[in-house]
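Feature list (source: TrEMBL):
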SIGNAL    1-18  signal peptide
DOMAIN    115-198  domain 'Ig-like'
DOMAIN    225-305  domain 'Ig-like'
TRANSMEM  313-333  transmembrane segment
Amino acid sequence: MLICYIFLGVSLLNSLHDFHVSSCDLNCADKPVFTPSSLMVKYGDPASVNCSVCQNCPSDFGFEIPVGTQRRHGTLISWTIDHLTEWGLFPMCYYAAAGDHQCCSSLEITVYKLPDNVGLNIKGNSWVMSEGQIITLKCSVQNVAPVENLRVTFYSGQRQLGQKQSNSRGRRPVSEMFELNFTPTKEDDGGEFWCEAELLLGSDGPQPPPVEKSQNFPATVFYEPYLSGASHPSPTVLTEGNPLQLNCSAVGNPSPTYTWTGPSGVSPTKSSILIIDSTTTEDKGQYTCFVHNNQGNVTVKFDVDVKRDYTKYYIAAPIGAAVVIFLGVIIYFKYYKNTRMEQYDR
């Protein structure tokens, strides 16, 4: 029988509380005023608010909230709590008007909680990828509230890849997974990927908005070769005897290999630079550099024109003529001397 009475008493109290809330007029002209008008509180932090009712209001007034401590100073009610850990509070400040009518105001309380953990993962659990491949990044946010104020941003180094926001609603902490598809480029090779969770709580919230970051993950991106050296004029013209140097240096991951072909066939060099110390006219023609790795290849062609060096002929001709004249003079005088001697002998 005692249990029945207890149950009846609890039911009656609940009915009275429901009566207060359900019969409250939130649009009355002289309703109670909260100071501040709303609360933004970090989970576990202290909080306080004042509620004042009109000076001429009846003495039947109050502040309905299940936690904290209340103190009255005339028509002012002060409410404080040392550690706010309740979710979904809808406190009412009210006073009794004529008859059974009640005039009241509700207090908007937002309790926010930073994530317990922010983690980044990748579909397949491998941070080795190829340029042009579609990659799915996964950012998990654990126990955060309110989730509708959450924004997640994905990064490669300092480059922003994209943002996601939750479509969920609710005042209690939840955990969510956010996914982003992106296509890596060679600029992402060696960079670090990470994500951050940011609570956008508006002007009443902390500034700047609180942010929690994931661990950084370095990535390897394979990409086909591309030329890194300066371009060569076409054709390359030089004089025989001068050196020839052709450069087709490229960057790629994995590191590329090089194969050269020229007028004389396949070159034995595997370097990115082909060097001929002293050219001849036989070195004239087209040279091809084939750059290759397992992601792709690039081909570079060089046209080389080797001119004959006629300078040596210009120098040799006068010297040869002088030699011929000198020999002629010697022969002439030798012949003339012999002829004169024969005449004297007669």
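Just so it is clear, glycine is given a Cβ too, placed from its N, Cα and C backbone atoms.
Taken together, the residues of the domain 'Ig-like' (225-305) have an average pLDDT of 92. Across the domain 'Ig-like' (225-305), DSSP helix (H, G, I), strand (E, B) and coil residues number 3 helix, 46 strand, 32 coil. Helix, strand and coil counts from DSSP across the domain 'Ig-like' (115-198) read 6 helix, 50 strand, 28 coil.
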